[in-house]
Amino acid sequence: MSVILVTGSYDHEIRFWEAWSGICSRTIARSGESGQVNRLAISPDKRLLAAAIHKKVYIYEITSTSSTPLTCLDAHTNNVTSVSFHSEGKWLVTGSEDGTIRIWDLRSTQVHRTYDNGAPVNDVCVHPNQGELISCDQAGCIKQWDLSENLCSHELTPAGDVPIRSVSLASDGSCLVAGNNKGKCYVWKINEEKSDLPRYQAVTKFSAHKKYLTRVLLSPDVKYLATCSADTTVKIWSISQNYEFRQEKVLQGHQRWVWDCAFSADSAYLVTASSDHTARLWEMASGETVRQYNGHHKAAVCCALHDGAG
């Protein structure tokens with residue numbers, strides 16, 4: 001299992017794919033169960049898959065063939081919109097439309113901490129220093145939560161009350177990108193807490209799509225930004241040393257909304273999930289589809305890829 005590629009759909013199924021052949025190697029059918037799959041995350045050691053399904057998060061063993069989850073995390077009272085593992089894999093961070101962010105201890109499956117955001121949470125990511133979370137919400141706020149002090153230490157509102165749909169942090173902690181419902185992207189340089197400069201220094205903003213934006217994602221090498229949209233495309237933006245974003249490619253092929261994307265560890269490939277029921281693997285250098293994954297019966301709305309070291 002050197003490459004783990006997973007998609008989730010409104011058809012309630014989770015599918016594992018052989019990345020290069022395009023063959024579906026495993027389906028978690030969840031027959032008779034309600035709730036669509038909202039988000040997926042693979043643990044750093046490639047052992048666990050976390051699936052946000054309606055109000056709950058199910059943890060599956062990746063090497064198993066069973067459709068029965070190892071455990072179910074059940075405390076949110078509305079749709080879980082984001083899920084990510086802490087680097088050690090011992091903690092899971094979730095955000096929900098119930099207005100809370102929760103940190104779960106995977107060893108005890110208990111809620112370790114709850115942050116009250118006050119507005120429906122659309123996305124959460126863990127800072128590479130593993131000591132902070134960045135969330136964005138339906139009220140147009142981006143917040144930094146400190147794991148050590150149990151509080152919100154910074155708040156950004158780049159476009160008033162226009163909902164912020166997605167946030168992405170550079171793997172080296174150098175910058176933060178956020179995308180809102182109107183297709184706009186906002187970029188901040190992240191300065192050291194010890195410096196005299198503001199922690200989040202606004203460096204640029206630009207219009208990425210004319211229609212609804214669903215996801216922003218920085219590549220692991222921090223050279224590119226991918227933006228997904230209701231306009232059926234994914235746009236690839238190059239990032240210069242002084243944070244100038246230039247549109248490099250438009251990935252065209254999906255027939256309907258593109259909901260989610262994931263980069264390969266070497267930033268050479270991108271996986272996307274779309275309402276057209278398919279997922280695609282794109283080669284970044286050419287901007288071409290190199291594989292299509294067919295099998296879902298309804299919209300494919302989330303994907304996860306882990307092809308790095310376990």
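Every residue, even glycine, has its Cβ placed from backbone N, Cα and C.
Summarised as a single figure, the pLDDT of the repeat 'WD' (1-18) averages 93. What TrEMBL records for 1-18 (among others) is repeat 'WD'.
Among the features that TrEMBL reports, repeat 'WD' is placed at 73-114 (among others). Tertiary neighbourhood of the repeat 'WD' (73-114): same-chain residues 38-45, 47-48, 50-59, 120-126, 130, 133, 135, 137-138, 145, 147, 150, selected by CB-CB distance under 8 Å and a gap of 6+ residues from either end.
The repeat 'WD' feature in TrEMBL is assigned to 206-247 (among others). Residues 165-172, 174-175, 177-185, 187, 189, 254-263, 265-267, 270, 272, 274, 282, 284, 287 of the same chain lie 6+ residues outside the repeat 'WD' (206-247) yet bring a C-beta within less than 8 angstroms of a C-beta in it.
When the repeat 'WD' (251-292) is classified with DSSP, helix, strand and coil residues number 0 helix, 23 strand, 19 coil. Annotation comment: TrEMBL describes 251-292 (among others) as repeat 'WD'.
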